[in-house]
Amino acid sequence: MTATKQHKKVILVGDGAVGSAYAYALVNQGIGQELGIIDINKDRTQGDAEDLSHALAFTFPKKIYSAEYSDAHDADLVVLTAGLPQKPGETRLELVEKNLRINQQIVTEIVNSGFNGIFLVAANPVDVLTYSTWKFSGFPKERVIGSGTSLDSARFRQALAEKIGIDARSVHAYIMGEHGDSEFAVWSHANVAGVKLYDWLQDNRDIDEQGLVDLFVSVRDAAYSIINKKGATYYGIGVALARITKAIFDDENAVLPLSVYQAGQYEGVEDVFIGQPAIIGAHGIVRPVNIPLSDAELQKMQASAKQLKDIIDDAFANPEIAAGVKN
């Protein structure tokens with residue numbers, strides 16, 4: 001894919017709640033010119049393609065269709081949302097055994113089509129499945145990207161914005177680490193319109209320290225709350241994936257919190273994909289943005305990475321999984 005290519009094509013693998021929400025966001029925002037949808041349920045993909053096409057007269061021209069893996073050969077971006085859903089009370093990491101096998105099959109099919117673009121992974125546990133997509137594809141790490149903590153960071157900014165009465169676009173704050181239970185807030189660099197959050201709160205006592213702790217917990221556990229109430233989360237992640245797609249297709253060099261490969265950017269954190277800010281453009285990850293972490297934050301990053309690394313090592317100790325490795 002090049003930054004000058006005018007016709008941009010997405011292949012979406014997984015037409016469940018998240019995949020459908022992402023497809024709808026692409027149509028609404030006019031991102032890309034072609035969208036092929038792959039799922040084991042062909043009736044579903046055909047129905048979604050037809051339904052989405054009926055919105056085009058109100059939005060932007062686009063070719064939308066039920067696709068086969070062979071259609072990925074000339075795609076610019078393959079988005080992976082396929083996998084078994086997270087059940088109430090189930091952690092994202094408990095999904096790993098089941099979804100790794102699904103991921104291996106899908107990635108193999110996509111690569112065999114001749115695909116040579118960028119993988120964007122959203123299936124959970126996303127950090128583990130981004131790693132496995134990299135291993136199974138043999139692609140450069142820059143062209144395998146996970147949605148990471150993009151949604152978590154958006155939730156964090158929105159929660160802070162609501163608490164202090166400021167537009168979320170003027171609140172700059174990141175969640176880093178695993179997209180899941182071991183994620184953490186980078187309080188040391190959170191700011192409101194360039195003013196450090198702690199300094200802002202000295203002059204505007206909208207929330208105390210315990211309130212900040214409670215706010216983070218609500219952000220971390222937001223998915224569980226939503227799943228318990230409606231069965232799944234999909235609108236937020238659908239829009240987050242559309243935002244990442246736009247940054248790639250428009251060669252924005254935007255800084256977004258994504259699941260990216262760790263090669264020692266942070267002491268003690270290596271050979272995992274994990275959430276941190278990164279510059280993203282037409283060719284994938286330009287480079288990670290290594291925010292200086294406080295000692296406490298670095299310890300949380302290391303602990304989060306270790307948890308992911310232990311799960312990855314256990315999974316790839318399975319000969320059937322290891323047999324598919326290309327990287």
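Cβ from N, Cα, C; glycine included.
Take the NAD(+) site that Swiss-Prot assigns to VAL18, ASP39, ARG44, TYR69, GLY83, LEU84, ALA122, ALA123, ASN124: the candidate from SER137, SER147, SER150 listed for it is SER147. Long-range Cβ proximity for ALA122 (NAD(+) binding site), meaning a same-chain Cβ under 8 A and a gap of 6 or more residues, is found for VAL18, TYR22, VAL79, LEU80, THR81, GLY146, SER147, ILE237, LEU241. Neighbour density around each Cβ, counted as other Cβ atoms within 10 Å, peaks among the binding-site residues VAL18, VAL126, ALA154 at VAL126. Across the residues annotated as binding NAD(+) (VAL18, ASP39, ARG44, TYR69, GLY83, LEU84, ALA122, ALA123, ASN124, SER147), the two Cα atoms farthest apart lie 24 Å from each other.
Closest in space to ALA154 (substrate binding site), of the recorded positions given as ASN124, HIS172, TYR224, is HIS172, taking the CA atom of each residue. Of the recorded residues, ARG157 (beta-D-fructose 1,6-bisphosphate binding site) and GLY83 (NAD(+) binding site) place their C-alpha atoms 28 Å from one another. Following the DSSP three-state reduction, the secondary structure of ARG157 (beta-D-fructose 1,6-bisphosphate binding site) is helix. The closest partner of GLY83 (NAD(+) binding site) among the recorded positions, by CA position, is VAL126; the full candidate set was VAL126, HIS172, TYR224, THR233.
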